Amino acid sequence: METTEVMEERLPPADWRPRKASPGADALWLFISIAAVLVLARIWVAPHASAPALQAWATIFIAICVQALPFLVFGVALSAAITSFVPARVWTRVLPRHPAAAVPVAGVCGAVLPGCECASVPVAGGLMAKGVAPSAALTFLLAAPAINPIVMVSTAVAFPRDPGLVAGRFAASLTVAVLAGWLWLRFGRTDLIRIPQGPPPGAGRWDSFRQAMRHDLMHAGGFLVVGGVAAATINVVVPASWVDSVAGIPLVSVLILAVLAVLMSICSEADAFVAASLTQFSPTAKLAFLVVGPMVDLKLIALQSGIFGRRFAVRFIPLTFALAVVVSLAYGKAFL
Amino acid sequence: MTRAAQNLLLLLLGGAVLWITLGTGEFTNYVKPGLELPLVGSALLLIVLGLAGMRRDWNDDADEHPHGRSVTEAQAQAPAQQERSGAPGVPPAVRAGVEDGPVPAVTGTAPEALTVPGGREQGTHGSGKAEEGEGEEDGGHGHAHGGPRVAWLLCLPVLGIFAIAPPELGAFTADRNSSVTRAVAAPPSIDQALPAGTGPLAMSVAEFVGRSFEAQIGGDPTLEGRTVKLIGFVAPRKQGHWYLTRLQMSCCAADAIAVQVIVLGAAEPKKGAWVEVTGVWKAPPAKESGSGVHYLNATGVTPAAKPAHPYE
């Protein structure tokens, strides 16, 4: 398998340096030494790490990671399965011909298909390459990570007493995705977006599944840790009175959590748990956090500029952010 | 980050989760007990994934493919680099073929290794056109240059679990609980009468607070005159007396809020100690009514063992 893959790909320049050690044996030794370090740390460090603030921080940080892990792992497995086993042309067939009609259908498709936001950007690129209208593909890009079943389940688990917030996440995210698609259909010019080229041939399916899953886990997991660190720090370090006073100002608190969602870049399958930990903030502010996060964050900005071009990103990202905040505010005003 | 490191990280993560679930049971310090099964399942999946990846790498070595290893690295890095320079992406069905492994360049060897055609020279302003751009690679997410360097952060929870092994949240968190969170913690309404009997009635702190709140906002004073028994830990109170406290989590420890009862008529035990308090509910003065303050006239305070599930 590996050999054929290698043959299919472009070869490196002749002066490429071979590596000396074998990765398998390296990994084994590394694993043994890390395990030893951890056991020793358990014996010598754990009893001394007793400052209450440090312990509380670590408890909250680990709690967020542990709580989000099953959702992340199973979500990533599903999305890897879909990207590895379902060809892109299936979606071309599902969508109506007329772009204005295709936009809402693409949004609803997002509710059915699990996929991390990191995966949805290239998937949307693939859809465009297959001839799907850009506006519909963009709606899918926004909707898929925001309202897919895994995300909705994890949100319901994180907010067991707030069904309104769970429904709000679905409704507001879908609204934003469809509005953004229609606005792009109406005002977006074709020269603003770079449509990706058709795909080259792929590898074996199981192999591609395994690699897609590992890849997504590494990315999403890394950003989940960033979010966990930020949330634990807000919880432990920032004086409660500050958070209280900020959280008490209606509009400001919404904007702050919206910006925080962009900065934290948490995977949508895990962000509900971080949102739930921000207990001082109003439901509307948490809703804004949940609606903005899957649609605009640091890694998505990078991904979208990379795949669709910078000229696209500087227009589409502010548009999405503004829509997400306004729709969350409106929903919060009406229902929360 | 090399493939070997990624596989290793998967094994470590899976191992750490198995350790706190099947190994020590510490996971109840962090999340609800019901999450055990999903946690074990996902840990096993992580371990299988890591082992499968390792086996592949091992086999590749055994192939005696003199440059095999470096070839794969090169091609995986090349597209990633193009992607960073703004090349078009590819749908994920395809990316994985390109990808095996070092999703771009994190190890020490990275910078000088990037001499592949289509690399940095193509310029960052994006006319680069490569058929095999590694689409979803977030090569350029703003701050982390060229790749999932961010994935190394996954070591942090593992390190935390083993090196700090933090216990359940306690008095520190209760101290930080603000007036706002206490208002948010308005308990669910409870309308049944207490079971008949005369002995001290064991009750969760949350139920006590719920019944007390009902009585204060005009409901039935179901606690009136009844001796109850509450288990919780001790948290100091600035305005005198002390709090019997229990933390309540709706999902995980990160959203824990303190449920607190002011204990009257008993000397304050050591901060953070678990105690069982027997006593009778006392209505707060009229001006504090409904403001989230609850009093218990203690008749006895005895040390208690920490409950198996420290959160309510």
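Even glycines carry a Cβ here, placed using N, Cα and C.
Just so you know, TrEMBL annotations are computer predictions that nobody has curated.
Per TrEMBL, the features are:
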- A:27-45: transmembrane segment (TRANSMEM)
- A:57-82: transmembrane segment (TRANSMEM)
- A:136-159: transmembrane segment (TRANSMEM)
- A:165-185: transmembrane segment (TRANSMEM)
- A:220-242: transmembrane segment (TRANSMEM)
- A:248-266: transmembrane segment (TRANSMEM)
- A:313-332: transmembrane segment (TRANSMEM)
Contact set, same chain, for the transmembrane segment (A:248-266): CB under 8 Å, 6 or more residues outside the stretch: 223-224, 226-227, 230-231, 274-275, 278, 281-282, 284-286, 288-290, 292-293, 296-300, 321, 324-325, 328-329, 332
Residue numbers, six or more beyond the limits of the transmembrane segment (A:136-159), whose CB comes under 8 Å of its CB atoms: 67-68, 71, 74-75, 78, 91, 95, 99, 102-117, 119-121, 123-125, 127-128, 165-166, 169-170, 173-174, 176-178, 180-181, 184, 268-270, 272-273, 275-276, 290-291, 294-295, 316, 320
Contact between the transmembrane segment (A:313-332) and the transmembrane segment (A:27-45) (3 or more Cβ pairs under 8 Å, separation 6+): no
Same-chain residue ranges lying at least 6 outside the transmembrane segment (A:165-185) that approach it to Cβ under 8 Å: 99-100, 103-104, 106-108, 110-111, 133-136, 138-140, 142-143, 146-147, 151-152, 155-156, 159, 272, 283, 286-287, 290-291, 294-295, 316, 319-320, 323-324, 327-328, 331-332, 335-336
Positions on the same chain near the transmembrane segment (A:27-45), where near means CB under 8 A and six or more residues out: none
